[in-house]
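Straight from TrEMBL, the features:
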DOMAIN    106-184  domain '3-oxo-5-alpha-steroid 4-dehydrogenase C-terminal'
TRANSMEM  6-28  transmembrane segment
TRANSMEM  75-92  transmembrane segment
TRANSMEM  112-132  transmembrane segment
TRANSMEM  144-162  transmembrane segment
Amino acid sequence: MPVHCQQSPVLAGSATLAALGALVLYLAKPSGYGKYSESVMPAAIRLPARAAWFLQELPSFAVPAGILARQPRSIFGQPATVLLGLFCAHYFHRTFVYSFLTRGRPFPVAFLFRGFVFCVGNGLLQGYYLVYCAEYPAEWYTDLRFSVGVFLFLLGMGINIHSDYILRQLRKPGEIIYKIPQGSTSRCLRTTPNLGKPSFHSSFKETK
């Protein structure tokens, strides 16, 4: 049985996610993971960072990929499904590559659950809208907006992957201290949550 677009649930779901995001910004409280985890939730149950990131990001890939897999092969050339494929490519990296490379602190289960719920909603809204609601003509492939949009997406994804690489390189094997690269110098800013004071660390060479 063909599925017809239902705009109301899509709009309601999008508005809900936007409202929750605005609420988080309004409260302006630390999220409770990474360098804030010990101070915000010191007694929380935790999972290793790699397992937690994998489980949290998985729905944003699996849900839209599952929607795509159920569609007739004939629609896979349509612009909307290509756009959804790019979305899935991003979250494939976040789920199956980034999560196994990360060197972060153990992750509170409570925040893992919140992230999982968001990713389910995000993946469902993106997949449902692009497959069942979005209407792009075949000529969209030659439209400047499509070309520029794909270029910006790929550029942003490349910057994201490269930035993750830089941050990982700041940490020595087994180290989970939060560090921030400081411009083009060989110094990086290291923060120690227990002391609450930043210190400069100069053991990293400048990369050219």
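Each residue, glycine too, has its Cβ placed from N, Cα and C.
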Secondary structure tally of the domain '3-oxo-5-alpha-steroid 4-dehydrogenase C-terminal' (106-184) (DSSP, helix then strand then coil): 56 helix, 6 strand, 17 coil
Whole-number mean of pLDDT values that fall within the domain '3-oxo-5-alpha-steroid 4-dehydrogenase C-terminal' (106-184): 87
